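K.L.:
Following this message is one structure expressed as structure tokens.
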Amino acid sequence: MSFSDYISRIKDNIRNSIKGKAIIAVSGGQDSSLLSLLASEVLGNNLLCVFIDTGLLRKNETGRVKDFFEKHSMNYVIVDAADTFINNLKGVTDPEEKRKIIGKTFIDVLSEQAQNFGAEYLLQGTIAPDWIESGGQKRDTIKSHHNVGGLPKDMKLKLVEPLRDYYKDEIRGMSKELGLPTDIQPFPGPGLAVRIIGEVTKEKLDLLRAVTDIVERKISEAMPSESRPWQYFAVLLPVRTTGVHGDRRAYGLTVGIRMIETTDAMTGTFSKPSWDLLEDISNTITDEIPEINRVVYDITNKPPATIEWE
């Protein structure tokens, strides 16, 4: 079956499943971007695309998603809920607890938008690895996914998941077929919160946002899109180490760099970039962000590790 056939099947699924107004949360990642575009083509103004600025996003994420909505003439709203999310995460260090708090807060904000719009259906970009890792079909739960299991039992919206049988390579193939960018970096629903080990604060988010921008920029500059790792990102660690800034001792923060090669996100191997690229990334981070004085590289495959650290 071709990617064009997959697209037709998904649109038929949406057409047959939704008989009224629907809402979809768009993160800017590949899954929700693809689904929102296909659903918009089927439902028109009966679909409301909602982008929630959680304060846990990468640099320029809001502007990029707004441009996507405008380019495709989609019906959308952008909600700034950053303060709510960050306040709800105060004092929380457990990764599962973080995910659940973010999921509940997200649904609360989304439900308000759904009520205002009069939506009866919730479209969600859940794909196969999401529900498999979340304990679907009698598997043990590896970790809760933002798209899976976070919906309240008394939710009045009917859930529709047209992508749940598809894998990442198929999502990318369909995106390419539609002319969507295929080099969009996968980004977890809970955002940078699960790339900060320990408590999430605005200061840590600002640091990690700057580091993430450097990592993505340096890899984009060094490698053509077809040669880049499948996913690459930074993690802020709760580890301070001794270093030197100028002629003074410094006790700075540590970041980990993760680059992974995979086709379906179910298994993967760590990427083996050039030493020159790793050195350039490390030097740029420590030069531009004085709070950080150590950069480490993650050489763990999946399994035993998951792609994200939390």
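Heads up, the Cβ atoms here are built off N, Cα and C, so glycines get one too.
As listed in Swiss-Prot for this protein:
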- 1-187: domain 'GMPS ATP-PPase' (DOMAIN)
- SER27, GLY28, GLY29, GLN30, ASP31, SER32, SER33: ATP binding site (BINDING)
K.L.:
For SER33 (ATP binding site), what residues in its own chain, 6 or more apart in sequence, show a Cβ-Cβ distance under 8 Å?
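P.N.:
Same-chain residues close to SER33 (ATP binding site) (Cβ under 8 Å, separated by 6 or more) are VAL26, PHE68, SER175, LEU180, ILE184.
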K.L.:
Around the C-beta of GLY28 (ATP binding site), how many further C-beta atoms are within 10 angstroms, looking at every protein chain?
P.N.:
20
K.L.:
Around the ATP site formed by SER27, GLY28, GLY29, GLN30, ASP31, SER32, SER33, list the extra residues of the same chain whose Cβ is within 8 Å of the site's Cβ centroid.
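P.N.:
Near the ATP site, the remaining chain residues are VAL26, LEU34, GLY125, ILE184, PHE187.
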K.L.:
Name the residues of the same chain, 6+ apart in sequence, whose Cβ is under 8 Å from the Cβ of ASP31 (ATP binding site)?
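P.N.:
Non-local contacts for ASP31 (ATP binding site): GLY125, THR126, ILE127, LEU163, ILE171.
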K.L.:
Report the same-chain neighbours of SER32 (ATP binding site): residues 6+ apart in sequence with Cβ closer than 8 Å to its Cβ, ordered by sequence.
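P.N.:
In sequence order, ILE24, ALA25, VAL26, GLY125 meet the Cβ cut-off.
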K.L.:
When DSSP is mapped onto helix/strand/coil, what comes out for SER32 (ATP binding site)?
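P.N.:
The three-state answer is helix.
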K.L.:
Across the whole of the domain 'GMPS ATP-PPase' (1-187), what does the mean pLDDT come to? Round it, please.
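P.N.:
On average, pLDDT over the domain 'GMPS ATP-PPase' (1-187) sits at 88.
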